[in-house]
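Here's what Swiss-Prot has on this protein:
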type    : residues   : note
BINDING : E406, E413 : Mg(2+) 1 binding site
BINDING : E413       : Mg(2+) 2 binding site
Amino acid sequence: MSEEMNDQMQVRRQKLQELYDLGIDPFGQKFDRTSMATPLHEDWDQFSKEELHEKEEESHVSIAGRLMTKRGKGKAGFAHVQDLSGQIQIYVRKDQVGEDQFAIWNSADLGDIVGVEGVMFKTNTGELSVKAQSFTLLTKALRPLPDKFHGLQDIEQRYRQRYLDLITNQDSTQTFIKRSKILQEMRNYLNQQGFLEVETPMMHQIAGGAAARPFVTHHNALDATLYMRIAIELHLKRLIVGGLEKVYEIGRVFRNEGVSTRHNPEFTMIELYEAYADYHDIMDITENMIRHISEKVLGTAKVTYGEETIDLESKWKRIHMADAVKEETGVDFFNIQSDEDAKIAAKEHGIEITDNMKYGHILNEFFEQKVEETLIQPTFVYGHPIEISPLAKKNAEDPRFTDRFELFIVGREHGNAFTELNDPIDQRARFEAQLVEKEQGNDEAHEMDEDFIEALEYGMPPTGGLGIGIDRLVMLLTDSASIRDVLLFPYMRQK
């Protein structure tokens, strides 16, 4: 911390003591606020200076917030007070608030939290303002805010000290307000469709439901190893077995993997499951739900992301993974019949693979390396290979593939869904194949889950399921480049 900063803090501490000496509590009490900044602008900006003067008696308001600017000397001054909705100017005169309150005004610093009672008026320049009749210090700020003209220039500091980012960056505040509304509209849509919101455990005895490395913890009283959940899936499917036919959960998921602009070790997902549905039905739900959210939160289904305009309004494209690869590379995986032929095709097209990869893995590598980033407009890619889809139902017409889809927008995966595998015998065989992969070095392969197989043996109806990463969806709908911009407190390396 610089000497200048230390000096500013010392001055604020001195002012704090002066307030105590005057018998004033610098950390205040309840304040009855009647109005907020933006609604005041909406209600009163329409009136002229003269009209406001005539309406003075009916324009009495009480506001509270943080001092963001302050100017003026002598017997009067102006400031901008910021609350959650925005900013409004206040005008403080000694002959209006009295000598004692004006002394408090004079000693107030940027960042202090204040309460103001007064009436609405417009200045000579036409700016709507509150003419203070009472000025109250509610909280003394002991640290100065970042430079008001530059805000928080250090991106890392914005993430580490999100509270400062929210104070100084209204765009950031609006992003998190939109995030809250996105979740609200997601719930509204699903509840209207007859889904039941449930809560399931975050600590599991087996890390299942996804191909990911888990965080491991230990339960001392039970002397048991537990895993922070890497997916919500398997518990929700147990509920489908139990007769809860349309369920969803919005919750935190943990994966012990890399940190990037698109990945955080803990993130929020929605998973939903509907009995008697298949992956085509889930495509419809996904498309309609995201379109609904965009229209309700943004007022439009045409979304700007970076330099792209994303059309969520028109019917979304649907394409088989093998067809998508053929369109982009000319390689027809429908006609490739063996692992060796797939490896030859990979070598010819410069696709990076490993020796233990089979047909399905190689098709997926073709897709990820050549196709994925080209899918800018909303696209459902379906027909994933069985090797990479241990929980999805085999396709009835071609058992090399599954009834699964992923949603891609702006070259990123935004959802994963399938017609769920409800055959316990097939499910056991898939888990056993995953165990072989684990022995061959795939540390993200699925564990055997005997309890889940037992649940399937009681009978799970044909079911469609979906998982969506909330953080990526919020990134899309708020035009945010990094996942850290949509997480209030993203994970950061220790200093």
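Note that Cβ sites are derived from N, Cα and C of the backbone, with glycine treated the same way.
The number of other Cβ atoms within 10 Å of the Cβ belonging to E406 (Mg(2+) 1 binding site), over all protein chains shown, comes to 20. Within the same chain, residues at least 6 positions away in sequence whose Cβ sits under 8 Å from that of E413 (Mg(2+) 1 binding site) are E372, E406, L407, R472. E413 (Mg(2+) 1 binding site) carries a strand DSSP state (E or B). Taken residue by residue with DSSP, E406 (Mg(2+) 1 binding site) is part of a strand.
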